[in-house]
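Student: Before I ask anything, let me first share the structure, which is written out below as C-alpha cells.
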Amino acid sequence: MKSFYVKTFGCQMNENDSERIVAVLRRQGMTPALSADVADVVVFNTCTIRENADNRFFGQVNMLRERRVREPGMRIVVAGCLAQGEKDAIFDRAPHVDVVVGTHAIGSIADLLERSDEERHVIDVSTGDGSIDPMVDLVPEPAEGHKAWVTIQTGCDNNCAFCIVPQVRGPEVSRPFGAIVDEVRRLAEQGISEVTLLGQNVNSYGRDLTKRLRRTSDGIHDHGFLAGPVYVSDGIRRIRPLFSDLLRAVSGVDGIRRVRFTSPHPKDMREETFAAMAESPAVCESLHFPLQSGSDRVLAAMHRGYRGERFFEKLELARSIIPDLAVTTDIIVGFPGETEDEFEATLELVARCEFDSAFTFIYSPRPGTEAGAWTDKFVDPEVIRDRFERLKLVTERSGAAKHRARVGKIEEILIDGPSKRDANVASGRTRQNKLVHLAGVDGERLRGSYLNARIVDAGAHFLHGELLGPPARGAHASC
Ligand code: SAH
Ligand code: SF4
Ligand code: F3S
C-alpha cells in the first residue's frame, strides 16, 4: 500500500483543492504519511501569487532531489497555480519532478501517476470541459472535524493589473446553487458546524449560471439545482441567484452555526449582501474587504473599479447594517508608479478605515500580468521597505485598539484544539474570527465545542479568555 503527503502553499482555495487531492489519492487505496521525507508520493499544491511563493516551493521540492534519485519508486507531483502557469519552468528548475497537474485537472492525478511508470515528465494542464460542476465527483475530505471550506466559484473574470490568478485559475465559474447547499448539508451531517464559502469574487456568484442554464442541452432541467430560485428566501424568482441568496440558504442548513466567506470584491459588494449577513444568525460578524490602495490614481491603474471614498462608504454601510462587525483587508505597497503622496493617501485611508487586521504585501511583478511589464515604473525596493514598515504601524495601531475593545466582553468561542505552544491551553475563534487562548482548558477534549468566555486580556495577535461554561443551545450571539 502506497503512502502520500500533500504540502499546500497559497490561499484557502488551494487548501480546499488539497482536500480534493487527498480524497482522490485515498480512493486509490493510498494512506497519508507523516511527512514528505517518508511518503511514496509527495504532492506540492503550489501558489504563484508572489515571487516568494514560487521560491518557497522550489526550495522545498529541491530538498527531495536526492531522495527521488535514490528511490526510483517514489513520485513527486506538482499541482496548483504555479503548475498551471509555469509547467516548463518546473521541469527546468526541478527535473526530478514526475507529474505536473494544473488547477482544472486534479481529478486525473491517479491516471497521471500511473502514466508516470512508463513516461518521464507527465503533464496535464488542460482547462476543463466547461462541465456544469467542475468539482463534481471530487468531494473534499475536510482536514478538521468541525469546520470546512466550501468552494462556491472557481476562477476570476476581473483583470487587476497586478494579479496572476485569472491566468492560472481561468474564467469565473459558479458551482450550481443546489450542489453547494447539498455539500453543506452533507458536511453538517458529518458534524461540521462552521463553513467558509470560497471564491475569488464571491459576490459575483451566479453571474454565469443563467447563461449556462440557457446553453444546457444535457438534460439538466432542475433550475433549482443549477440556478437556485427555489432557495430564494424572499419568494422572488430572480433571473440568477445572488450571493445573498446563497448566504441565506447555507446559513439555514440544520447544524450549521457559523458561516464565513472570502473574498468579496469591494466594487461588486452590495447592500443586499450586508442585509443577508445581518439577517442570517449563522453568518459571522466578520468581513474581508480588500482595499489594495488608498490612492484613486493607483486604484484606477490597478483596474479595481472603485475609488477610495466609495470603498469607505461601503465599509461604513456594512458597519451600520451589521452590528459589531470585524473587518480585515489586503494592501499592496509599491505598485508600479506609486508616489510618496499616493502612498500617504493609502496611510490616511487605512487609518480612517480602522481595520481589525490587514494583510500587507510588497508588490511582486508576475510574468504575463499587465503591471509586470511596467518595468520602468517599478519602485525602488528600499523605498518600498520603508513604506511597508510605516503602513504596518498604522494597521497594527487599529488592530491593537480593536483587540483591546474586546476586553471585558463575553464571546462565543469555537474550540479548535490545544494551542500549538501549550497543551494546557485551548485555542479557538470568536465569531469575529479573532484567535482566543483559554488557559487550563482541555482543547483536545473540547475540539469543535462552542463555549462562552470572558475576554480578560488582549495581545497583538490573540486574546486571552476565561471560560464561563457552555452557551445556551442554539445561541449564536456573542452578547
Ligand atoms: N480575489 C482576491 C485576491 C486573491 S490574491 C481578492 O480580490 O481579494 C490575495 C491578495 O494578494 C490580493 O488581495 C492582493 O493584495 C495580493 N496580491 C495579488 N497579486 C499580488 C502581487 N503581484 N504582488 C503583491 N501582492 C499581490
Ligand atoms: Fe486577482 Fe483581482 Fe481576481 Fe482578486 S479580483 S483574484 S485580485 S484579478
Ligand atoms: Fe495562490 Fe492560486 Fe490562491 S496563485 S493565492 S494559490 S488562487
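Placed from the backbone N, Cα and C atoms, the Cβ positions cover glycine too.
Curation plays no part in TrEMBL annotations; they are all automatic predictions.
These numbers come from a predicted model, not from an experiment.
From TrEMBL, for reference:
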DOMAIN    2-118  domain 'MTTase N-terminal'
BINDING   C11, C47, C81  [4Fe-4S] cluster 1 binding site
DOMAIN    142-401  domain 'Radical SAM core'
BINDING   C156, C160, C163  [4Fe-4S] cluster 2 binding site
DOMAIN    404-469  domain 'TRAM'
Student: Suppose the [4Fe-4S] cluster 1 site is C11, C47, C81. Which further residues of the same chain have a Cβ inside 8 angstroms of that site's Cβ centroid?
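Tutor: Leaving out the recorded residues gives F9, G10, M13, N14, T46, T48, I49, A53, G80, L82, V165, V168.
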Student: Please determine which of the binding-site residues listed here (C11, C47, C81, C156, C163) has the lowest count of neighbouring CB atoms within 10 Å.
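Tutor: Fewest other Cβ atoms within 10 Å, among the binding-site residues C11, C47, C81, C156, C163, is found for C11.
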Student: I'd like the number of other C-beta atoms within 10 A of the C-beta of C160 ([4Fe-4S] cluster 2 binding site), please.
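Tutor: 21, counting other Cβ atoms within 10 Å of C160 ([4Fe-4S] cluster 2 binding site).
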Student: Looking only at C-alpha atoms, tell me how far C81 ([4Fe-4S] cluster 1 binding site) is from C163 ([4Fe-4S] cluster 2 binding site), rounded to the nearest Å.
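Tutor: Given the Cα positions, C81 ([4Fe-4S] cluster 1 binding site) is 12 Å from C163 ([4Fe-4S] cluster 2 binding site).
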Student: Here's one to test understanding: among the binding-site residues C156, C160, C163, whose C-alpha is closest in space to the C-alpha of C47 ([4Fe-4S] cluster 1 binding site)?
Tutor: C163
Student: Specify all same-chain residues, apart from the site residues C156, C160, C163, whose Cβ lies within 8 angstroms of the center of the Cβ atoms of the [4Fe-4S] cluster 2 site, ordered by sequence.
Tutor: N158, N159, F162, I164, V165, P166, Q200
Student: Over the domain 'Radical SAM core' (142-401), what is the model's average pLDDT?
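Tutor: Taking every residue of the domain 'Radical SAM core' (142-401) together, the mean pLDDT is 92.
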Student: Could you give the Cα-Cα distance between C11 ([4Fe-4S] cluster 1 binding site) and C163 ([4Fe-4S] cluster 2 binding site), in whole Å?
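Tutor: Roughly 14 Å, rounded to the nearest whole number.
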